[in-house]
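Visitor: Got a structure for you, questions after.
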Amino acid sequence: MRIVFDIGGSVLVPSKPDVEFIDKLSYELTKVSEDHEIAIVVGGGKTAREYIEVASKFNANETFKDYLGIQITRANAMLLIAALKERAYPQVVTDFWEAWKAIQLKKIPVMGGTHPGHTTDAVSALLAEFLGADLLVVITNVDGVYTDDPRKNPNAKKLEKISARELVQIVGKSTSKAGASTVIDPLAASIILRSGIKTYIIGKKDALRLFDVIRGKHEGTTVEP
């Protein structure tokens with residue numbers, strides 16, 4: 001299979017880099033890459049949001065703040081490249097053609113953000129579409145799609161299986177401002193819908209058993225085309 005992994009920045013760097021988790025995740029990704037072609041996109045997470053918040057105090061515009069966030073995503077991507085060692089393409093990949101070329105070289109391409117207005121969720125979905133991926137795996141700090149934000153509403157229920165169209169409806173009211181944080185952003189959901197990409201949305205626990213996840217055995221949400 002060809003698989004794209006979308007890894008939230010706050011998963012890797014909750015307040016500071018989670019060295020143990022990054023090490024274990026890189027091992028899982030390396031093992032999966034032995035039997036499958038994989039590509040990775042890393043988000044900016046809490047660190048990017050903090051930088052963007054400070055930039056807002058200086059009246060930076062949304063495009064400037066998007067560029068600032070992109071730099072943080074690429075710093076996080078470099079951390080993962082370091083952990084993946086020789087299995088990774090040695091520098092952060094910045095466009096989809098370069099990602100494709102890295103795969104042909106039997107290396108794992110690791111990307112961050114690319115363009116203002118596109119979250120790394122959207123980059124992941126676009127990359128999966130471009131590469132003709134069989135599967136998109138979204139790793140977040142929320143272990144699936146819920147009826148409401150489980151961090152704010154204790155009565156929110158996890159949805160084990162939904163359609164891509166239902167995903168679009170659920171996330172459709174999310175903000176598109178720089179640094180916005182949702183389980184997946186509306187643009188990414190729309191790309192998943194149009195591309196018919198099977199998607200798993202999982203949390204950190206499942207991220208440490210990726211062989212099970214790619215076979216459909218996980219505790220997150222399956223998004224069917």
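Every residue, even glycine, has its Cβ placed from backbone N, Cα and C.
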Visitor: Just to be sure I read the record right: GLY44, THR114, HIS115, PRO116, GLY117, HIS118, THR119, THR120 are listed as binding UMP in Swiss-Prot. Which of ASP18, ASP66, ASP143 is listed for the same site?
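Guide: So, going by the record in Swiss-Prot, that would be ASP66.
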Visitor: Where does TYR146 (ATP binding site) sit by DSSP, helix, strand or coil?
Guide: strand
Visitor: Rounded to a whole number, how many Å is the Cα of ARG49 (ATP binding site) away from the Cα of HIS118 (UMP binding site)?
Guide: 15
Visitor: Relative to the Cα of GLY44 (UMP binding site), which of the binding-site residues GLY9, SER10, TYR146, ASP149 has the closest Cα?
Guide: GLY9
Visitor: Once the DSSP letters are reduced so that anything not helix or strand counts as coil, what is ASN141 (ATP binding site)?
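Guide: Coil, per DSSP.
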Visitor: Using a 10 Å cut-off on CB atoms, tell me which of the binding-site residues THR114, THR140 is the least crowded.
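Guide: Comparing Cβ neighbours within 10 Å for the binding-site residues THR114, THR140, THR114 has the fewest.
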Visitor: Rounded to a whole number, how many Å is the Cα of ASP149 (ATP binding site) away from the Cα of THR120 (UMP binding site)?
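Guide: The Cα atom of ASP149 (ATP binding site) is 20 Å away from the Cα atom of THR120 (UMP binding site).
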